[in-house]
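J.: When I checked TrEMBL for this same protein, it listed these features:
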TRANSMEM  A:12-40  transmembrane segment
TRANSMEM  A:52-71  transmembrane segment
TRANSMEM  A:77-97  transmembrane segment
TRANSMEM  A:109-127  transmembrane segment
TRANSMEM  A:156-179  transmembrane segment
TRANSMEM  A:210-229  transmembrane segment
TRANSMEM  A:241-263  transmembrane segment
TRANSMEM  A:275-296  transmembrane segment
Amino acid sequence: MFGEYSLGELTSIFVMQGFAGLILFSVFLLMALGLAIIFGQMGVINMAHGEFMILGAYVTWMCSTFFHGYLPALVPIYFFIAMILAFLVSGALGVAVEWLMIRRLYKRPLDTLLATWGLSLILQQFYRSVFGPREVGVELPQWMLGSLPVTDVIEIQINGLFVMALTTIITIAVAVMMYRSRWGMQVRAVVQNRVMAGAVGINTEKVDRYTFGIGCGIAGIAGSAFTMIGSTGPTAGQLYIVDTFLVVVFGGAASLAGTIASAFTISQAQSIMEFFLSGSIAKVLTLLAVVGILMLRPQGLFVLKVRR
Amino acid sequence: MIIPPNDPQKQFVLAVEALTVSFDGFKAVNDVSFYVDENEIRVIIGPNGAGKTTVLDLICGRTRATSGSIKFRDMDLTKMSESNIVLAGVGRKFQNPSIYDDLTVFENLEISFPRGRSVFGALTFRRDAEVRRRVEEIAETIFLADHLDERAEFLSHGQKQWLEIGMLLIQDPDLMMLDEPVAGMSVSERKKTAELLHKIIKNRSVIVIEHDMKFVEDIAHRVTVLHQGKVLSEGSMDRVKHDPRVIEVYLGH
Amino acid sequence: MVIRSKSADDTAFMKPLEIVSILIIAALILVVLPATLDAFRLNLVGKYLTYAFVALGLVLCWGFGGILSLGQGIFFGLGGYCMAMYLKLEASSVANTKIQSTPGIPDFMDWNQLTELPFFWLPFKSLTLTVILIIAVPTLFAFFIGAAMFKRRVGGVYFAIITQAIAAILTILIVGRQGYTGGINGITDLRTLQGWDIRTDSAKQILYFVNSGLLIACILLAQYVKRSKLGRVLVAMRDKEDRVRFSGYSVANFKIFAFCLAAAFAAIGGAMFTLQVGFMSPSFVGIVPSIEMVIYTAVGGRLSLFGAVYGTLLVNVAKTAFSESFPELWLFGLGALFIAVVMVFPNGLAGIYHSYVDPLVARLTRRRPAETEQPLHGAPAE
Amino acid sequence: MAAMPFAGLAMPRTAFAQAPATSAVNTTGLAVTDTDVTVGILHSVTGTMAISETGSVQAEKLAIEQINAEGGVLGRKIKFIQEDGGSDWPTFAEKAKKLLVNDKCAAVMGCWTSASRKAVLPVFEQYNGMLYYPTFYEGLEQSKNVIYTGQEATQQILAGLDWVAKEKGAKTFYLLGSDYIWPRTSNKIARKHIENVLKTKVVGEEYFPLGHTQFNSVINKIKLTKPDVIYAIIVGGSNVAFYKQLKAAGIDLNKQTLMTISVTEDEIDGIGGENIAGAYACMKYFQSLDNANNKQFVSAFKKMWGDKTVIGDVTQAAYLGPWLWKLTVEKAGSFDIDKVAEASAGVEFKQAPEGYVKIHPNHHLWSKTRVGRARPDGQYDVIYETAELMEPDPFPKGYQ
């Protein structure tokens, strides 16, 4: 298929394709981070993860409408405010959900799956009733649109760069929180031995609640960022859920490094196959490969071998 | 300090040789060898984290060895599935009582009865006179004859331990492995358990992990002391008790 | 030995109360509903009852075995597609399709420039082969999934997510390969079964009874499995998988069996669905219907075979009633149902029955408690 | 469990003076009384399709209200029963059956996706109902019991391709689509036309699963092959992702010609006008259409449903449904389905917002095809329309 193109053209395309792979990687990672915290650290299956993302997207849309209508001067920076608000709103909803629902179900992971599925249905209908069944369009500030021309052919998408930067920052923040902060220590302590952690004075309920809240908050940020590249509608959250879970599970739930590696592997595989094959087939092959590997390595790519 | 087989031709029930398992570089069991005779009661002692339970896990196939061999009669257990190891005649009781809470005592024992253990065997399994007789006989032995209809969930801790022993017993294994059978029991329950063990160890080899030294002394033919994944000492209780290294790491404090 | 335990005698295939329960169900779906509902509503109930097959299978594999599959739609769909392929071939006789460029093949193939029947359609020219394949294809597929996963000890949440991914893959494939599968429209416009018009009201009535008969047969089969030692091994496995393994059972084989049986039930339901509704589409294979089917089981009580039927009927009747009057509210209701059944009534209708109705009946009839049905209300799976 | 018919809005009573006797106009037991007649509205108001179908429901309700205000049909006020298809095809079939069998609706306005239409079609044929189906679709279908008020694929596609070949001198095309029957069939027709009629070239053809959100790889392929025209038939949420990513990748639609047949003003609402400005859409109706009928229609629609609502091709086609039915019933002088079906051919609607439509004997509509160019404010500028009405041809020779 490449016979008719010059070497220069091919090189440029491969550079851009590599960049496309990186964007996909960032997107996958951003989707999966919140879930990796919730599922990996707490063992909770949050089927409403996509709906928390969409909540962030709706918050962003509301900000966009508000700033364009009332504070046009601040439009160039509204996106940052929107992301912070998205984090807070989704996080707050997460904390409430944990308090009302999840905390009673820690011993029954499969049941949390069903309960959060119910939650996702309720949230979808809520969005439909409040924001209407149609998709809403988020108007981005001018500087986030378009691309930077590097050569004649190679162009780097600004929103792609933005997503990559955001993903990097959030990943580092999560890593620092998990492995350097007191809170992270407490979370890991609770994960490993709930009773003991309680006994040494850790408020396990509070740790659970905020862990869940932070996971949901990150989902909100992801949703906010995805308004740049995807759609915002009541059912848009469902588009992400299978991919997200596969990334987390494939990475071997418990480790951040695993999630990163898995997002990287899946995104590269998909992006490369999409280039050489048709979109549909690429998707099927990627999913099949992930499922196949999970069957061979049920604990995911990265997991510590321990005495059971 | 490992006692090598005096006679290389001698047939042991269990021969563990150079057994090693490492978890991400950490050697939980390191080059362990020991041999169990017919009808021998072997007790494994050692401080927490010495690798005692891991050794049992390795024998019954729950954990796979990194290297080394485990021979049960003529079979190499390291290559067999858990269920085949059981079918070969190795039974194992877990540290925490591992019974089926939702089933009655009768059903608990019945499930362990060595018949109809394939899928279609289980579908066509009949609760005939022989099953009933065996179950009732075992229940009598483990002091639960009056509790056959009770859901296992409602048994006391000690009774649960006995039930699990009963579940092993009904399989009639050649090699029985008990992980802390008296842990968490009251004094009177302990006594009864000792009595029970004495009754059931006839005609089979037994490996016991135990912390209670009085109890160990009471039943052990030979004792193996593990420390940090290695065999520290082996021999009669008397001899082990006086081994200075053992005193230092274990009995001393 | 003189000790006689009640358990020891308890070898009957059904306890008296279970016989009563099944008679009530049989009376309800074979007599009461047909007598009181018009043809349209009865056909609807018939459609709902096809989902009850799936719920029944889930009781065995999820309730008893602790294996939550979020991909039962796969098997429902495969069973339904097998049936639909047969009916479509019958509907695509050369006489019926003479306006096509290639007469004698299904219309959607013609639209996609296929000029001959793909090889995997050929077996569906025979009714006998079709009936065999309706069961065999989904069961074998379940066997392969099960063997691959359970032998490697994939369980719990991982299994749930992987089955979900497989459902997603299958949907994309069916939708994308439309020349072979009918694509997103599914296989539609099915008319006759061996010349017998399945679209008439009388045919639908007959199919309703066939469906109900099959459902009762499946309940009896499930009851047999539940009452056999295999049923107890499944419960035991859900409690203490390792203990079962160390009692000499191959846990994986038992799980595969439960999963395959559930798949076979689902497939029968799918085939009956196709017959009664007259088409099959990929919208049953996907994630959403698969999870909805789990909720039928949960509402009925995940440990109750009879509950599966009631749960399915209740949820679907509620869905129809709600969406006729308040379509916007239905999703709130369904969502709340998911949450309530998990948080407040983990044993569903059967649990409510056992905790409220049963004691009441016992008091009224002054039976001694020892004779009442001993519910198996353990902690919910996992 | 009975549904609650939502009565039409208040209306002048005087209009029902000269109504013919019910026994004469309704010989088959439809829900027709001396004062009113019941029709069904069957669309998804929940689930993924609610996004698209909302506009259709609104348009149908508007048409019914206007008809009632003018005196109804054969002197009878239209009442409607609305059912929710829930974006689920079997539910559509179930509800269709309910509307026909239980509620005896004289006509049903409904469905959006081909899949839902395929699911209800046997129901309408078996129970002899009348369906007015509004969406542009792939063709290959024709039924006595359906009036297709949207365009079939050749009507929509051919004129647009001719235009782009002539005006833009396009020689190479890249075909894209969501992976299901409508885009695939439409692209098939487009490819035949491009290769056999225009004698130009297709340099790529690709499909994505419904709901796909990552298009960077295909955008790179497009950059590599540099087609003169991107021909895109992507639907739903994927649309939004596709156009946003296209714009971000630096493809300026003012320089790169892109033609779509799937993006109406409704979709632009979600995509954002600034992301798609410059693209060409080819369909029969745009909200900005400049004629008196349309101005009236747009202002009535906005009055009823709010200033911010937009009207796309399908919404307009849905609006035609109740009107065409009314005109047909009055032409036939009867509500009987058979008579309505028979009388349909030749019915003309001169007040159609799109200008003028006429029902063809094959139950599709004669209509003009137009090309619009997307503006940043989410509207289209109509830049071309066919001189003649396009004849509907659901089974096009040479395109199969």
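Each Cβ is built from the backbone N, Cα and C atoms, and glycine gets one as well.
Quick one: how deep are these features, and who are their neighbours?
T.: Here the transmembrane segment (A:77-97) has long-range neighbours at 48, 52-53, 55-57, 59-60, 63-64, 67, 71, 119, 140-141, 144, 166, 209-210, 212-221, 223-225, meaning same-chain residues at least 6 beyond its ends whose C-beta is under 8 angstroms from one of its own.
Through the fold, the transmembrane segment (A:156-179) approaches residues 19-20, 22-23, 26-27, 29-30, 33, 37, 41, 83, 140, 143-148, 150, 187-188, 214, 218, 221, 225, 228-229, 256, 260 of its own chain, all at least 6 residues removed from its boundaries and within a Cβ separation under 8 Å.
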J.: Which range out of A:52-71, A:109-127, A:210-229, A:241-263, A:275-296 gives the transmembrane segment (A:12-40) the most CB pairs under 8 Å?
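T.: By the under-8 Å Cβ criterion, the transmembrane segment (A:12-40) pairs most with A:241-263.
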J.: What same-chain residues lie close to the transmembrane segment (A:109-127): Cβ under 8 Å, and 6 or more beyond its ends?
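T.: Long-range Cβ neighbours of the transmembrane segment (A:109-127): 43-48, 50-51, 54-55, 58, 97, 101-102, 233-235, 237-238.
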J.: Given a Cβ distance threshold of under 8 angstroms, which distant residues of the chain, six or more beyond its ends, lie next to the transmembrane segment (A:241-263)?
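T.: Tertiary neighbours of the transmembrane segment (A:241-263) are 25, 28-29, 31-33, 35-36, 39-41, 47, 49-50, 171, 174-175, 178, 191, 287, 290-291, 293-294, 299-304.
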